[in-house]
Amino acid sequence: MGKKKNSKAYSEELTDTTRPLLEFRYGNPLFAIACHPEQSVIVSGLATGHMFCHKYNAAELKEAQLKRLRKHDAGSKDDRKKLWEVVEVPGVETSGVSLLWTTKRHKGSVRCICFDADGTHIYSVGTDNVLKKADTLTGKVVKKCVLDPGQNVKYTKLVKSATHPLVLLGDENGNVTVLNSESLEQTNLIKSIHNGDAINDIFHFAKKSVYRYISLGQTTLAHWDSRESNEGDFAIAADDKQAKRKVILSDDQEDEILCGTFVDPEDGEVLVCGMGEGVLTVWRPKKNGLADQLTRIKVKKNESIDCIVPTLEDDGCVWCGCSDGNIYKVHVNRGTIIEVRKHSKLDEVTFLDLDSEYRLLSGGLDKAKLWDSEKSEQLTPGSDADDRVSNSSPSAGKSSESDSNDSENDATSSGGSSDEDSSSDESEHSDASDVEEELVGLTREQIIAELDKDLVEESEDVEDVRSQRKRKHGADLPTNANGKKQKGKNIKPERSMKTHGIRRFEGL
């Protein structure tokens with residue numbers, strides 16, 4: 001039996017070399033953030049009630065990063081220097097990032113924001129219990145309503161249906177308010193879903209019905225129809241297991257369920273939930289109707305998984321934002337962590353989202369980072385990629401690019417530029433996760449050269465075997481763009497057969 005690997009060392013081995021493309025630093029606590037589903041736009045809401053809408057050019061940001069890399073000393077061992085764009089909020093514009101508008105949208109703090117399916121409108125709700133619908137590109141409010149006048153209700157989750165004109169609001173009392181997204185009029189109220197505890201998350205259960213949703217709260221998972229009230233459920237005895245209820249609750253998980261998502265929202269086969277004890281629980285609706293979890297995946301002991309999003313790359317993985325400041329990429333079927341990114345050493349990861357090109361956006365109370373889809377070593381100009389090795393497992397990534405009360409016309413645009421050198425703030429050097437290690441010993445090319453040297457002596461035998469195989473099968477050996485690597489894979493079995501098998505003496 002092999003020696004048990006130290007968990008800390010193992011985590012360091014998985015640390016990814018991907019750098020952020022962009023970082024936002026906020027002067028006030030960040031309470032909500034979301035990416036536009038079709039454009040390279042990010043909207044953030046702060047504790048002061050202000051909202052900021054930024055547009056970014058990913059290609060320009062990447063080019064600026066390459067320029068900084070060229071200036072960076074190739075021989076320097078300090079690869080932790082920030083080489084990405086840093087934008088102060090509020091502050092002036094920088095290269096590749098422009099401020100479309102900013103406004104004080106709510107009295108008190110902004111609690112939740114979300115886009116509609118095509119990103120035309122953005123919805124926001126604040127501690128003033130006012131829901132506002134605004135044009136995304138101008139910031140102008142087109143509709144608003146006051147929720148529960150006179151009630152001291154705090155909203156925790158805001159969701160817009162991707163297919164129907166529905167807006168759902170979850171609050172701290174465990175209620176879900178359903179409104180028409182066009183008129184902002186209430187159409188349904190589902191009360192006290194999780195025994196009166198706060199709604200931690202809401203997401204679509206599309207495989208079951210376009211009107212069905214899943215909510216998470218305290219230690220239970222529930223699913224329900226957004227069109228139907230659950231008033232009749234309170235007349236059913238708690239111990240009556242046969243009665244049909246409008247809200248179907250899972251078993252008590254004995255650990256707080258903080259967030260959840262489907263690994264593939266289109267097929268709806270596997271659901272994962274982030275727990276307060278640092279594990280992912282795996283649920284399969286077809287197995288037991290979401291009555292209980294089936295398996296658990298350990299992510300980080302004594303920490304909590306506060307947010308989660310699917311990668312949407314058909315790789316069976318999800319991104320998990322953890323209270324230790326790390327982002328973990330978890331392969332659900334394997335039950336393993338395959339990548340780790342460091343968001344911050346001091347702050348929790350409380351927000352995760354994907355931009356229009358599936359780049360990851362992570363956020364905490366003081367900053368947000370938009371991560372590049374390429375590894376750092378792929379971006380390094382003039383460096384020998386064969387002499388460097390990434391500590392992370394490979395991941396499949398997409399390399400393409402993402403009123404002041406009632407007079408909401410005060411949404412203003414601002415211009416200006418900032419010094420790029422500000423992005424190298426030394427106090428934040430330790431936050432970056434792009435440190436690479438030198439490979440000790442022979443490089444990959446040197447190893448290949450040594451293998452080729454050994455193969456020269458037996459090249460004739462190899463060719464004979466190849467010709468025999470061609471005659472036998474009538475086809476060439478498979479090749480790909482990386483000819484050297486494929487060649488090594490094809491020759492090695494032949495060498496082992498001739499060295500250790502009887503086939504070597506077939507001609508005698």
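Using the three backbone atoms N, Cα and C, a Cβ is placed for every residue, glycine included.
Swiss-Prot has this to say about the protein:
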| type | residues | note |
| --- | --- | --- |
| REPEAT | 46-94 | repeat 'WD 1' |
| REPEAT | 105-144 | repeat 'WD 2' |
| REPEAT | 150-189 | repeat 'WD 3' |
| REPEAT | 194-234 | repeat 'WD 4' |
| REPEAT | 252-293 | repeat 'WD 5' |
| REPEAT | 344-381 | repeat 'WD 6' |
| REGION | 372-508 | region 'Disordered' |
| COMPBIAS | 491-508 | compositional bias 'Basic and acidic residues' |
Cβ pairs under 8 Å with the repeat 'WD 4' (194-234): which stretch of 105-144, 252-293, 344-381 has the most?
252-293
Same chain only, please: residues at least 6 beyond the ends of the repeat 'WD 3' (150-189) with a C-beta under 8 Å from a C-beta of the stretch. Say none if there are none.
111-117, 123-125, 127, 129, 131, 133, 143-144, 195-204, 206, 210-211, 213, 215, 217, 224, 226-229
For the repeat 'WD 3' (150-189), jot down how many residues DSSP puts in helix, in strand and in coil.
0 helix, 21 strand, 19 coil
Restricting to the same chain and to residues at least six past its boundaries, which positions have a Cβ under 8 Å from a Cβ of the repeat 'WD 5' (252-293)?
200-201, 203-208, 214, 216-221, 223, 299-310, 312, 314, 316-318, 320, 322, 330, 332-333
By DSSP, how many residues in the repeat 'WD 2' (105-144) are helix, how many strand, and how many coil?
0 helix, 22 strand, 18 coil
Summary of DSSP states over the repeat 'WD 6' (344-381), given as helix, strand and coil counts:
4 helix, 13 strand, 21 coil
Please spell out the DSSP helix, strand and coil residue counts for the repeat 'WD 4' (194-234).
4 helix, 16 strand, 21 coil
Average pLDDT across the repeat 'WD 5' (252-293), rounded to a whole number:
95
